[in-house]
Amino acid sequence: MKYLVLALCTYLCSQTGADENAAQGIPLEAQRLTGEPLVAYLRRSQNLFEVNSAPTPNFEQKIMDIKYKHQKLNLMVKEDPDPEVDIPPSYDPRDVWKNCTTFYIRDQANCGSCWAVSTAAAISDRICIASKAEKQVNISATDIMTCCRPQCGDGCEGGWPIEAWKYFIYDGVVSGGEYLTKDVCRPYPIHPCGHHGNDTYYGECRGTAPTPPCKRKCRPGVRKMYRIDKRYGKDAYIVKQSVKAIQSEILRNGPVVASFAVYEDFRHYKSGIYKHTAGELRGYHAVKMIGWGNENNTDFWLIANSWHNDWGEKGYFRIIRGTNDCGIEGTIAAGIVDTESL
């Protein structure tokens, strides 16, 4: 494996949201739109994605502060793991690894824990893939979110996915699951917000949830020992900013974690292929990138969000591929599972 060591204090460009909007050719008046004027503009200015009139509930609580765009440590950037690999025109690991039960949509609720939730989900998928579906475990986002502080970030306020991957190497992470999941060490502690079809209603959410405390023990009533329940990684890295390198990484090892700038128009995404079109910068978000495809001659990435399975395309969304839209291809975090720890 080849690596490039980039001695950078900040890996991503430090432009303001307005500068980035201008760089993408978005008119100044379109950058300032919100509400109904924004919805009307999106519907007449593009045809790649359908627009929701109503914005995503608890939107501000689901994304991170823009400061988490900037990496604080030196990064190991991995070259294309297999430059000679044949890349298929489309790829969805759910069709390949049908026995992997880890491919489902999470719900981070009113907590900016996307960095931990997406990393835990990607690790879970990679464990299943590395073991050829023999090992099925949902890695605990809670363990990462609450115990990897301050090096990973600040829990529900946000964090850095690459640091979560490093934590997986050096500290290990226990089993987890969604809210109230039984027979796991540390399930997600924050209930889903509001109504979600026929799912259990736990109540509404107000503001950003406080970060729960770090508890280095399994929940009461679970016959697991915290230290023994841990799984470990053996490598963590940023994937080279190249469509083929990202595709090769996903083909070889499984889903990765992508981070991107979130603008006002993403608040109104319903379905289709998202491309930033209008609205101001609102924050930053981390998601699990699982595959890619093409629709009507438009290349896209296939991405699992963590805003419940009634958001977007059954919890997923697609974003235009090959243009680094919103920085989606700029900081792809990944890691290798230590199969001996499974």
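For all residues, glycine too, the Cβ spot is worked out from N, Cα and C.
Remember, predicted model here, so these are calculated numbers, not experimental data.
Record features (Swiss-Prot):
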SIGNAL    1-18  signal peptide
CARBOHYD  ASN99  N-linked glycosylation site
DISULFID  CYS100-CYS128  disulfide bond
DISULFID  CYS111-CYS156  disulfide bond
ACT_SITE  CYS114  active site
CARBOHYD  ASN138  N-linked glycosylation site
DISULFID  CYS147-CYS214  disulfide bond
DISULFID  CYS148-CYS152  disulfide bond
DISULFID  CYS185-CYS218  disulfide bond
DISULFID  CYS193-CYS205  disulfide bond
CARBOHYD  ASN198  N-linked glycosylation site
ACT_SITE  HIS285  active site
CARBOHYD  ASN296  N-linked glycosylation site
ACT_SITE  ASN305  active site
Same chain, 6+ residues apart, C-beta under 8 Å of the C-beta of ASN99 (N-linked glycosylation site), given in sequence order: CYS128, ALA133
Close recorded positions near CYS214 (disulfide bond), where close means Cα within 10 Å, chosen from ASN138, CYS148, CYS156, CYS185, CYS193, HIS285: CYS148
Nearest recorded site to CYS100 (disulfide bond) by CA-CA distance, among active-site residues CYS114, HIS285, ASN305: ASN305
CYS152 (disulfide bond) versus recorded positions CYS114, ASN138, ASN198 - nearest by Cα: CYS114
Candidate nearest ASN198 (N-linked glycosylation site) in space, where candidates are the active-site residues CYS114, HIS285, ASN305 and distance is Cα-Cα: ASN305
Lowest local Cβ density (other Cβ within 10 Å) among disulfide-bonded residues: CYS128, CYS156, CYS205: CYS205
Cβ atoms near CYS218 (disulfide bond) (within 10 Å, other residues, all chains): 21
